[in-house]
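K.L.:
This is the structure I want to talk about, given as structure tokens.
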Amino acid sequence: MDNILDGLNTEQLQAVTATEGFYRVIAGAGSGKTRALSHRFAYLVSEIGALPSGILCVTFTNKAAAEMKKRIRALTGDNDTGYISTFHSFCVSVLQEDISAVQYPKSFLVLDNADIDAMLKLIYEERGLTLRDMTFGKARDMIEMRKLVKDPEYYELMIAMTPEALQEKYLNAAAADDIIFWGYLYQEKKCFGLDYNDLIKYVLHIFDIDAAIRLKWQQRLEYIMIDEFQDIDALQYRLMRVLCDYHKNLFIVGDPDQTIYTWRGASVRYLLEFDKEFSNVRTIMMMRNYRSTPQIVAAANALIAANKIRVDKDLIPTLPDGAPVVYHHARTAGEEALWIAHEIKDLADRGAPLRDITILYRAHYLSRTLEEVFLREELPYTIFSGVQFFSRMEIKDALSYLRLVSLRDDLSFLRVANVPKRNLGQRRMKFLQDYAVQNSCTLYAALERTVDDDIFKNTKAKRLLALVERFSALVSELPVSELLSKLLDESGYEALLRTEGSQERLDNLAELKQSVHDFEINCGEESTLESYLAHVALMTAGDAESGKNAVKLMTVHTAKGLEFPYVFLCGLMEGVFPSKKVLTREGMEEERRLCFVAFTRAEKRLCLTDAEGRNLDGSYRYPSRFIFNVDRALLTYTGELDPRLVSDTRLMIESNEKMLELTAAGPSFGPGDRVVHSIMGSGEIVDIDRDKNAYLVKFDSIPTPRKISMRARLERAPSQV
Ligand SMILES: Nc1ncnc2c1ncn2[C@@H]1O[C@H](COP(=O)(O)OP(=O)(O)OP(=O)(O)O)[C@@H](O)[C@H]1O
């Protein structure tokens, strides 16, 4: 027990040993909440004797789950770590056991973005849509919005309707939105595919319709813990409520100042009002920061104090003094990157390993200038938020081979049937697609039935079928790692990469094999091919991290929950960070919280940088208001700013803040209200666009409705006053 309770402060000790009932920990950044969670898990298992399989510990990312498992294993010495997972991953576990309640097979498919895009491609081709109608990114967003907001009951249709009925709805759809939405649901149903939104909806639905299944899970999960509770959304909250309703043991941890996913539906309200929703809630506050120097903590406190909508609380530093927080203003983005490169070289000369140094930025595109300079300066770096490991071509190909063996689905078939070349090009694929549509079967089945047709003469179609058959028979005999190695070998895929001479791709395949191996160690007997495929679709950036000694580059969102000895936060310009997309006071506060997350990742040293120049829309770049939010005395400027630049910046920020204040009051009118515009005359509010802070108004004198900013002067029409 000593090592479990060792090194915990009073509040952490309280959090770890309070095991029964509803607990809320409001914890500041770097205050040791991850430590408290992992020690609590270990305490439950080692001291209380709870079974790991009866504990659900929800983390925000797969990476955080892996880290938590590692820590718990070190504390308990037990390999079984129960359900330590994200909400999505946990839903996959539930569905693997109980999806038959909605007449889906256990071999359902978890879809990631690349799968969704492959489906969209089919739909676009079939219905003659182009990217000008809608880009794939926009189509994915549109589908998500329809599933979450516009048609939240869509899943009932998806479950109840046959693929043929969905296909009919799709073929009868006329508007692009409808074609894409119904086409996508049809594609999903055809291969029993579920995307991230479906996973949680399906679980909630199964719990709704089947009390026995619900009770089974409620009884099984004796203790539930949830990390990063400030970013929980409505569906996750509903799921959590159901799960804890039997044993009533729920332990949540969050930091209201680190809410950064409001734009995706998260709400800090669930954390702040937790004590009103549940009875006998005990709250533990953890504000002592163990991560950062007092200089970094002071800068972070000053920054976040500028937010108005927040509970006032300051982080308390515990570490000895360190280097000052530095601010560097550069003339151009190139100079900014060069300054960072030189500082890094200086740190390295003084003994800092490159892997301890991280550069954070608000948006992906900011990495380009850094990369150019780093290549020139021969500074090794790794991008953590660029093309995600599991979205890379070779990884998707390898996984598609596994999936083809397991599921024989169309998506995998389309991806790898002709990689390496088997002479199954476009013409033969089209033949198979037509056959599959006419005979309502999969492409694989179509090939099985037509392989003796003349069209497949001089192809390696038979060999492909034989390969899949041979490996299907091996699925239950071989561990997934071995199956994968053999498959990559015998399919000729690895040889193809070798002939292409792509060492990086081969390294990535080796990394994939390692990740399968880790999965087998973590899951023991549960590590079947099906469960591996279901979980792997949920993996995201940074999940397969390479340990090479290189500077890390990532967005602030990716850095959530992580810590690094040396942090450079670059691109701190108005219009970049805060982003120019921010149009409301709430939005600005979320940006500031994001900046707070960035500051508080740093342990020993924090450097802030910005550059003059112009934004993509041609406007001038000014230093970010977030720099001026921190008292001058808490920052060491590397040079004085030009007084004209300072006064221009202040003017620009002041007028922007005034505009945000106007929006803080929210819309004065709702749909259906009659209004009068001083120039355009009278009209009716049709809709409100909160993102753009605008009304959609149908003016009586103009045939089409128009978007009018909430800043414009609109009066209520006389008859309504
Ligand atoms: N009681 C303690 N004594 C000494 N160090 C501690 C203590 N608690 C936590 N730490 C250290 O402080 C750092 C931050 O802890 P942890 O990552 O658990 O914080 P966190 O609250 O999850 O942070 P964040 O919310 O900012 O991501 C870690 O390096 C951890 O080892």
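Placed from the backbone N, Cα and C atoms, the Cβ positions cover glycine too.
Below are the features listed in TrEMBL for this protein:
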BINDING   Ala27, Gly28, Ala29, Gly30, Ser31, Gly32, Lys33, Thr34  ATP binding site
DOMAIN    6-293  domain 'UvrD-like helicase ATP-binding'
DOMAIN    294-561  domain 'UvrD-like helicase C-terminal'
K.L.:
Test of understanding: give the count of other CB atoms lying within 10 angstroms of the CB of Gly30 (ATP binding site).
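P.N.:
Around Gly30 (ATP binding site), other Cβ atoms within 10 Å: 26.
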K.L.:
In the structure shown, which of the binding-site residues Gly28, Gly32 has the fewest Cβ neighbours within 10 Å?
P.N.:
Gly32
K.L.:
Around the C-beta of Ala29 (ATP binding site), how many further C-beta atoms are within 10 angstroms, looking at every protein chain?
P.N.:
23
K.L.:
Could you list, ordered by sequence, which of these binding-site residues: Gly28, Ala29, Gly30, Gly32, Thr34, have a Cβ under 6 Å from ligand 1?
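P.N.:
Correct list: Ala29, Gly30, Gly32, Thr34.
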K.L.:
On average, what pLDDT score does this prediction assign to the domain 'UvrD-like helicase ATP-binding' (6-293)?
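P.N.:
A mean pLDDT of 91 is what the model gives the domain 'UvrD-like helicase ATP-binding' (6-293).
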K.L.:
If you take the centroid of the Cβ atoms of Ala27, Gly28, Ala29, Gly30, Ser31, Gly32, Lys33, Thr34, the listed ATP site, which other residues of that chain have their Cβ within 8 Å of it?
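P.N.:
Neighbours within 8 Å of the Cβ centroid, excluding Ala27, Gly28, Ala29, Gly30, Ser31, Gly32, Lys33, Thr34: Asp255, Met286, Asn289, Tyr290, Arg291.
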K.L.:
Taking the Cβ of each of the binding-site residues and counting other Cβ atoms inside 10 Å, which one has the highest number: Ser31, Thr34?
P.N.:
Ser31
K.L.:
Sequence gap of 6 or more, Cβ distance under 8 Å: name the residues on the same chain that satisfy this around Ala27 (ATP binding site), in order along the sequence.
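P.N.:
Those within reach of Ala27 (ATP binding site), by Cβ under 8 Å and sequence separation of 6 or more, are Lys33, Ala36, Val253, Gly254, Asp255, Met285, Met286, Met287.
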